[in-house]
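*Asks:* Let me begin by handing over the structure; questions about it come next.
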Amino acid sequence: MADPASSRAQPSGATGVLVLADGTVIWGRGFGAAGSAVGEVCFNTAMTGYQEVMTDPSYAAQIVTFTFPHIGNVGANAEDVESRVEGAVGCIVREDVTEPSNFRSIERFGEWLARNGKIGLSGVDTRALTRRIRQSGAPNAVIAHAPDGKFDIPALLKRAKDWPGLEGMDLAIRVTREGQEGWEGGYWRLGHGYGRAARDATPHVVAVDYGAKDNIFRNLVRAGARVTVVPAKTSFDEVMALKPDGVFLSNGPGDPAATGEYAVPVIKALLDADVPLFGICLGHQMLALAAGAKTIKMHQGHRGANHPVQRVGEGWGETTGLVEITSMNHGFAVDAASLPENVEQTHVSLFDGTNCGIAIKGKKAFAVQYHPEASPGPQDSFYLFEKFVGGLG
Amino acid sequence: MPKRTDISSILVIGAGPIIIGQACEFDYSGTQAIKALKEEGYRVILVNSNPATIMTDPEFADATYIEPITPEIVAKIIAKERPDALLPTMGGQTALNCALKLDEMGVLAEYGVEMIGAKADAIDKAENRQRFRDAMDKIGLESARSGVANTVDEAFAILERTGLPSIIRPSFTLGGTGGGIAYNKAEFEKIVREGLDASPTTEVLIEESLLGWKEFEMEVVRDRKDNAIIVCSIENVDPMGVHTGDSITVAPALTLTDKEYQIMRNASIACLREIGVETGGSNVQFAVNPRDGRLIVIEMNPRVSRSSALASKATGFPIARVAAKLAVGYTLDELTNEITGATPASFEPTIDYVVTKIPRFAFEKFKGAANDLSTAMKSVGEVMAIGRNFQESMQKALRGLETGLDGFNRVPELEGVSRDVITAALSRRTPDRLLKVGQAFREGMSVEEIAAVTFYDPWFLRQIEAIIAAEREVQKDGLPIDAPGLRRLKAMGFSDKRLATLAVRSVGVAGGLAETQARRSGLLHDALVAMAGATSEEEVRALRHRLGVLPVFKRIDSCAAEFEAITPYMYSTYEAPSFGVSGSIGPECEAYPSDRRKIVILGGGPNRIGQGIEFDYCCVHACFALGEEWHGPAFETIMVNCNPETVSTDYDTSDRLYFEPLTAEDVLEILRVEQQSGELVGVIVQFGGQTPLKLAQALEDAGIPILGTSPDAIDLAEDRERFAKLVSKLKLQQPDNGIARSRDEAAAVAARIGYPVLLRPSYVLGGRAMEIVDSEAQLDDYIATAVNVSGDSPVLIDQYLRDAIECDVDAVCDGNEVRIAGVMQHIEEAGVHSGDSACTLPPYSLPPEIIAEMERQAEGLAFALGVKGLMNVQFAVKDGTVYLIEVNPRASRTVPFVAKATGQPVAKIAARVMAGEPLSSFEPFRRDLPYMSVKEAVFPFARFPGADPILSPEMKSTGEVMGIDTSFEAAFLKSQIGAGMKLPRAGTLFVSVKDTDKAAIVPAVRRLIDHGFTVIATGGTQTYLAEQGLAVERVNKVAEGQPHIVDKIIDGEVALIFNTTEGWQSLMDSKSIRQAALAGKVPYYTTAAASLAAAAAIATVGPEQLEVRSLQDYYAQ
């Protein structure tokens, strides 16, 4: 009997394929880099900002399904980049990428992907794929692009099946910086591009990079801080040696439990030393774990640039109950029921009530599950950077 | 914050009649708002003069006032009802202006009425150009260089700063009436003068030209806690320079990076915050320089709008409903999106498809007006289409427009012409510019060349270029023979019909010849099919089905499938299959048809003159009536429509909604899926006007059951020859008539009948191209035009019953019984299109025996035609004889008026009858009405400078109002005020009437002289009136030299005009009088009967004496 995979008739003109670990084969047209890559298939519902998504280290070892059908319209440029390290390994889109049309574009999205070793697959019913992910979880898969249309489906299937998956995988260590770096970029303005950071600014924020998006640092600079970025495994003593006024805990990819093994003890020590802390996404989960709370795998993750989050609890004054529209990308959440008495819930998701923010009582330490740095997404939550930087020194 | 308990009753102001710039989207918004407020337990009082709206159905508001929307009348309603609050944001500019005026007059303060949704100051700040500009400066948002002028001199001073070309926008006018773009100083002065005149505050904004910049809109919702969300971004394919209502638009924005989009998002929210829109929806418009991204704020509307209706339909977020809840104190976080049932109202919708809107125009109705698009809106309707990509969405929209397009049809006049000619054609902003772009690609022009002239974004142009390239492939090679190849074309949005046309051309002979051959049966046809793949729409469909290339249906869920939503709101698309372990898994379809007994209601498509809100009203009533138990079981109701402005496409009107073009292909695919489960009881094609009727044959051929009156009976009624046989069988009398297929035949028939005759092509709606001709010379002229309009279809010739009284009879029949719902008497004599005539219910001057005779004839016709459902019959009464004009055994334009005037749910009962219930189940219609209702038509002449503002057999009105009162005079006066006519109390009356009207006009003139008017008249009329002993002064006709009557009108010396004409020459001669009257806003009547009615109304009732009363109160009598 022939391998069942060989019966998955390849349509003429198919130069790309997605092979899921369960044997499903989805044909399409390849673009970007040629070759194949293994990863977890996830989705993002933002309608703008594909270049930022593809360079977000939180998407390391992931293949992003864009739910918006036209991706690549505005081409690629040198500015809309969120890190210099590995982001998503590939992307799946409904429509073939078109010639770009935007005054900021300097190259085609496909060329940019190819230059960055990322694989694209178009001509896929991305809505059907998204619904499948919603219903049965993010599958492991291989994305492949062969301009000659030749694929060894059984081999690709074996690779998808053999891949261990993200669970238990410490990806932060793969995407973090190797050494410390004085952050020099400012924030972006139309017609001006990125500014420069004032290196003599105070206060001084040490940012721990678990796979950070650059826009976080730009926002810290915008809020008035001088930023030094340090690798994920920087020890408590090494952090303190930099004489920080506050420490920032970044977002990042992978399983929080795996990263937490080395990150949590450092954060505990920082808390004990009363160092002001601010965390985002994975950094939020790390802070919660350090404070004694638990994280849980969500029944349904949040992945878009349109999620409402509400301010709750004490300390908001007149703005209690205000709603922010936020960018989100997480499949784990802090279990609100597990918060110790000294930890206050500050933000909740209006979609499902899951925890979206915490503050440690009596300390200048807080964190949010979502992405106030936006990029892509709404910029409603910039105030968090001001709150953090403004409260230092 | 919970809802407010310090208010318990709320007055909602509607938008009044359908006019250009303000169509049924405000019925959609208002209906949603009223439902939302009622849900919260508030007492809702509604005022709207438009009887064709769903919102004025008596079961919606607690007190429904069909009264003119003027500050004086609304003040009376306030005095009577004493509402706690006024919601002014649901009724367009009409409601905002009325509310501002009530505030200014102190009425709101006097009665302690609080404005909710938007405060007077916020409205003023958004609408007043200078204040808005200052507000934008304050928050650092750039505006175009501009200035506000109240005089022509001031305007020229501002021009020094802005330079030419310059944009002129009058303050406080609808859809930019009176504005325009000036390229030289002469044009500038002309437009400024018109703008100052059009503005109620004599104010215009002069702006630097942003021609060619990209244009965007953001739909924003904000609550009183300062939560704000963007519901939708919209990008205009037509760049700046074309009114957004006249622009082709797409959602979401497609050519912005995230950084630019977020700038626009922040700016939109900052704008609402600064203007002070505390609770509700607004839209903010931006211009973006494509070269550097420079962003300029154009304007904002502090209310729901046409765009917010589009955004609601495009995303599945009910803006008006949410805005109404916010207005009474809720905040966004407290509300859920009722459409999805899964997402909170504070969630910004994200979509995984592309939405295209294309406006529909009616320039052909207004001969003499140029079809150039500018900053003043001119379109009368719009189509919206949803596809998984831009091409599919765009091509679906083109065929949904129902202007004879199957996609990017050829533009024959640009075929093979020089580049210069094409470039010149592209540079004009005309309604068909998109098709010209397609043709330019066919003629070998490049994206860059076309972009340089049109300023369309290259991204859109490349998409169109790809469509044209795909067309070329089919033209060259015929249709693909494999599923992936055909699927690729279908996924680009090509209709079967367009593919058939293209495939035929592949055969290599001249297209026209091949099509003729293809239509012949036999071997030749088979050979052609073998070469082309298919040569007709049906053959393409058969091929497609054989290859398994079928559309699937996706859901509109506001979240791009991130969450499980229950939305029964769908669109079609073509998707590729994926492959599982055991082979192909077909493309995923989310239709999930139910196992219920279902009825499909086909809607009316885009609004146009002759087919508008009245038909949507009927479709909505069919959904309401069939969706619930009522003397019989409930059915599952399934709505198909593509008009985003309508109530029929609201989320809770039907059980399931397909937002699809109304073509045979699209509808049959829906029915195929719906028949997979449950029982399709039938399809209703008789409620949506001509649009669904045109599909009846294709549905019958496919074996689909059609409910109610058979399409054959409808055809019989519309086919002159078949109908004539029936009429003679029933021994009824029709005006003498004949049919002609050539010029000579027509001349012979007309000579036999005797002039004047009424000429028209067969099978048209709205009486397009009808004309009364008085001589053979005019007939010759008409034949040339008519043949252009109707191709090779015959011309119909009728005896013209001069001065006859025209009547409409609406009835319902179940096969065993006929019930007359209402008899209407037209005020204008026969010859004016029935849609353009004012009419009364009950008849105001007909003897009972004539009414009884018309009812008898209607009954006989209903049985003879086998009517099951609604029927409308038009009669003309002359010298005591009843002539049958025409029968429409389907829903007609008059149904909502009859329902409102009589308080009977006529359309609902008819829908149940169509589903098989006997009329005997329902209460008899009430016929003895102790009050009088007058319907008056509303015209868009002011939008079409150059066209003659006169009534004729060709329908030109866009909407209607109703006046209701105990006397004819008061009801008529209300109808005139509601239609925007300000009848004078005193002043100078100008009279110029045709000979046959001279005797008839005397009592009207006498009445007004007695009332204190002075009267002037031209030669013949003056002589005649003087002979009757009336004091009338003579004034020069235009041809008699200056100073003449037009000078007097322009100088404001004339307060009222009675001007009737007949015959080609006198019509031409008097055109300048009507145009001057229109420009000077002088009320004018062009028929003797209407002049009499106006005189009676002026002489009998003063506007201050008018009383207001709710429908509920009238019905309880």
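Just so you know, glycine gets a Cβ as well, placed from its N, Cα and C.
Summarising the annotation, TrEMBL assigns active site, nucleophile to A:Cys281. As annotated by TrEMBL, active site applies to A:His371, A:Glu373. If you look up TrEMBL, you'll see A:Ser58, A:Gly252, A:Gly254, A:Leu282, A:Gln285, A:Asn329, A:Gly331, A:Phe332 marked as L-glutamine binding site. Residues annotated as domain 'Carbamoyl-phosphate synthase small subunit N-terminal' in TrEMBL: A:14-144. Annotated region 'CPSase' per TrEMBL: A:1-203, in sequence order.
Could you tell me the structural context for the features on the list?
*Replies:* DSSP gives A:Cys281 (active site, nucleophile) a coil state; it is part of no helix or strand.
Applying an 8 A CB threshold to same-chain residues 6+ apart, the list for A:His371 (active site) reads A:Lys213, A:Asn251, A:Ile280, A:Cys281, A:Thr326, A:Ser327, A:Met328, A:Asn329, A:Gly377.
The 10 Å shell around the Cβ of A:Glu373 (active site) contains 26 further Cβ atoms across the protein chains shown. Secondary structure at A:Glu373 (active site), as computed by DSSP, is coil.
The number of other Cβ atoms within 10 Å of the Cβ belonging to A:Phe332 (L-glutamine binding site), over all protein chains shown, comes to 17.
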*Asks:* Going by Cα-Cα distance, pick out whichever of the binding-site residues A:Gly254, A:Leu282, A:Gln285, A:Gly331, A:Phe332 is nearest to A:Glu373 (active site).
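*Replies:* Closest by Cα: A:Leu282.
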*Asks:* Please list, in sequence order, the residues in the chain of A:Gly252 (L-glutamine binding site) that are at least six apart in sequence and whose C-beta is under 8 Å away from its C-beta.
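*Replies:* Residues satisfying the criterion: A:Pro57, A:Ser58, A:Leu171, A:Ala172, A:Val175, A:Thr176, A:Asp209, A:Tyr210, A:Gly211, A:Ala212, A:Ala232, A:Thr259, A:Cys281, A:Leu282, A:Gly283.
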*Asks:* Which of A:Gln285, A:Asn329 (the binding-site residues) has the most other Cβ atoms within 10 Å?
*Replies:* A:Gln285
*Asks:* Report the mean pLDDT of the predicted model across the domain 'Carbamoyl-phosphate synthase small subunit N-terminal' (A:14-144), rounded to a whole number.
*Replies:* 96
*Asks:* Look at each of the binding-site residues, A:Gly254, A:Gly331, and point out the one with the fewest other Cβ atoms around it within 10 Å.
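*Replies:* Minimum Cβ neighbour count within 10 Å, taken over the binding-site residues A:Gly254, A:Gly331, occurs at A:Gly331.
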*Asks:* Could you say whether, by DSSP, A:Ser58 (L-glutamine binding site) belongs to a helix, a strand or a coil region?
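*Replies:* Looking at the DSSP assignment, A:Ser58 (L-glutamine binding site) belongs to a helix.
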*Asks:* How many other Cβ atoms sit within 10 Å of the Cβ of A:Ser58 (L-glutamine binding site)?
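*Replies:* So the number of other Cβ atoms within 10 Å of A:Ser58 (L-glutamine binding site) is 28.
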*Asks:* Measure the Cβ-based neighbour count of A:Cys281 (active site, nucleophile), defined as the other Cβ atoms within 10 Å of its Cβ.
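*Replies:* Excluding its own Cβ, A:Cys281 (active site, nucleophile) sees 31 Cβ atoms within 10 Å.
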*Asks:* List the other residues in this chain whose Cβ sits within 8 Å of the Cβ centroid of the L-glutamine site residues A:Ser58, A:Gly252, A:Gly254, A:Leu282, A:Gln285, A:Asn329, A:Gly331, A:Phe332, in sequence order.
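*Replies:* Nearby residues not in the site list: A:Asn251, A:Pro253, A:Pro256, A:Cys281, A:His330.
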*Asks:* Going by DSSP assignments with H, G and I as helix and E and B as strand, what are the residue counts for the domain 'Carbamoyl-phosphate synthase small subunit N-terminal' (A:14-144)?
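*Replies:* Result for the domain 'Carbamoyl-phosphate synthase small subunit N-terminal' (A:14-144), in helix, strand, coil order: 26 helix, 42 strand, 63 coil.
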